[in-house]
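Here is the structure we will look at, set down as structure tokens.
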Amino acid sequence: MASKCPKCDKTVYFAEKVSSLGKDWHKFCLKCERCNKTLTPGGHAEHDGKPFCHKPCYATLFGPKGVNIGGAGSYIYEKPQTEAPQVTGPIEVPVVRTEERKTSGPPKGPSKASSVTTFTGEPNMCPRCNKRVYFAEKVTSLGKDWHRPCLRCERCSKTLTPGGHAEHDGQPYCHKPCYGILFGPKGVNTGAVGSYIYDKDPEGTVQP
């Protein structure tokens with residue numbers, strides 16, 4: 001059964017039929033609702049089920065601020081090349097970042113070189129004689145480098161071995177008798193804050 005044209009409400013036969021907006025129209029009834037310009041199926045805008053030409057009628061009636069499209073129920077069609085600038089934006093960002101990475105790379109080289117020069121700098125100074133300590137004559141104790149003959153008891157001047165002596169206020173002392181006499185309470189070999197803890201001599205227990 002033939003349908004009726006929504007424009008003239010008359011029967012639409014196959015030979016004169018065009019379909020648009022989900023309806024069958026007479027070919028010459030498919031016109032712009034405002035200017036009566038004959039439209040082509042799918043080549044027009046729509047509002048509330050009625051056809052309108054894209055320009056100027058639909059834009060004038062329903063388009064916000066002169067834009068060609070807009071309003072509820074309108075067909076979506078191509079915009080006049082507004083999205084082209086968005087493509088160029090992201091491309092420029094990686095170029096800047098790569099340049100920043102290149103510039104930030106070189107400064108790290110000299111920092112490593114300077115740290116090496118500190119290790120190969122001048123020898124440390126002996127805390128006893130305040131002279132340079134070279135590798136061949138160096139012994140390390142109390143976190144410092146000493147000349148081997150300079151590592152001796154602060155009281156009796158006995159030559160000491162690294163790690164085999166007591167300490168008080170950063171100065172080396174022999175365990176017995178000097179440290180015990182100076183800082184040990186009641187004749188005990190060790191004592192006082194800052195001293196090393198070491199084993200007592202078995203002979204000390206025999207003596208009264």
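Residue 1 is the first one shown; counting continues down the chain.
Any Cβ shown, glycine's included, is placed from N, Cα and C.
What you see is a predicted model, and the numbers here were worked out from it, not measured in a lab.
Swiss-Prot marks one residue of K17, K31, K131, K138 as N6-acetyllysine, namely K138.
Within the list K23, K37, K186, K200, the entry that Swiss-Prot describes as N6-acetyllysine is K23. What Swiss-Prot records as N6-acetyllysine, among K112, K144, K158, is residue K144. Under 8 Å, Cβ to Cβ, and six or more positions away along its own chain, K144 (N6-acetyllysine) finds N124, P127. Within 10 Å of the Cβ of K138 (N6-acetyllysine) there are 14 other Cβ atoms, across all protein chains. The separation of K138 (N6-acetyllysine) from K23 (N6-acetyllysine), Cα to Cα, is 104 Å.
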